[in-house]
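Everything below concerns the one structure shown next.
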Amino acid sequence: MAPVLPVVLPLQPRIRLAQGIWLLSWLLALVGGLTLLCSGHLLVQLGHLGTFLAPSCSFPALPQTALAAGTVALGTGLGGAGASRASLDAAQYPPWRGVLTPLLAVGTAAGGGLLTLALGLALALPVSLNQGLEEGLEAALAHYKDTEVPGRCQAKRLMDELQLRYHCCGRHGYKDWFGVQWVSNRYLDPSDQDVVDRIQSNVEGLYLIDGVPFSCCNPHSPRPCLQSQLSDPYAHPLFDPRQPNLNLWAQGCHEVLLEHLQGLSGTLGSILAVTLLLQILVLLGLRYLQTALEGLGGVIDGEGEAQGYLFPGGLKDILKTAWLQGGLAHKPAPEEAPPDEEPPKEVLAEA
């Protein structure tokens, strides 16, 4: 059987190959560690912002997959660096001969598969992030008033912290607060006619006002923050509703969070692409180095040329050999076949 993609490797190219693999392996370990840091950072960010994502959003799968892929890449890089360094010394290489095959198998199957999957998620999942933030922020605004409802007691605090930290207001702007009841019922006087009129003015029976929570206010504004009657042009003589309100955060939280998370996922995707490229180069180099040294008995400075290859034969030949070996393993040879047992003498006598 002819080997797949054979390469003739004299002495000096073998040494340069081992040295190059050593350098690439350390780069892979470095980038793998960077992948761990970036995916861990994104996972922590999603832990803080998970309240504002819809439960059906699958975006958190990206940092989880990237975390596993970075771990395998880091291990592959460290293993490749150790194996390539040991290959330069005939006394140190024998212990690594039994490690290289499992390392190549795990690096190809687990590392390559996880990196490819994580890179695909980095390209595909940011599209679903838009809808996930839409639904999550809509629910967050609707539950802002539920400070005494079990399971939603922290909704107000989390939304206020989000708007203050990311300098945003509402979902797409401060007017989003006009369409939801954000004042808790415990602060409403049912005997107040204005409260009754506002509740009866909509079919949902909500207390709707043209105001915003305090967390929408920009503390750097030189003027006092205007929070109520924002749609009434006569309520605030110095405020024109048709002009940008410098007292309130101009951007909506959807736009800010989408840009923030897509930026993190884009950075992680770029690192994953570099990691996948280095993983392929290291695994290919290790495979050629392994097969070349096997032909020399594990001695890199052995006399003569060595041939490195990916597979000892084509895919068809490999499958055929495996099939034949599997069939022969279950079929005993003629000389090993057990002799036919003779029937008991009692049975012969009765016959």
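Backbone N, Cα and C atoms are what each Cβ position is placed from, and that goes for glycine too.
Note that the structure is a prediction, hence the values are computed from the model and not measured.
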Of the residue ranges 65-84, 305-324, the one that Swiss-Prot records as transmembrane segment: 65-84
Membrane side match, GLN92 / ASP192, Swiss-Prot record: no
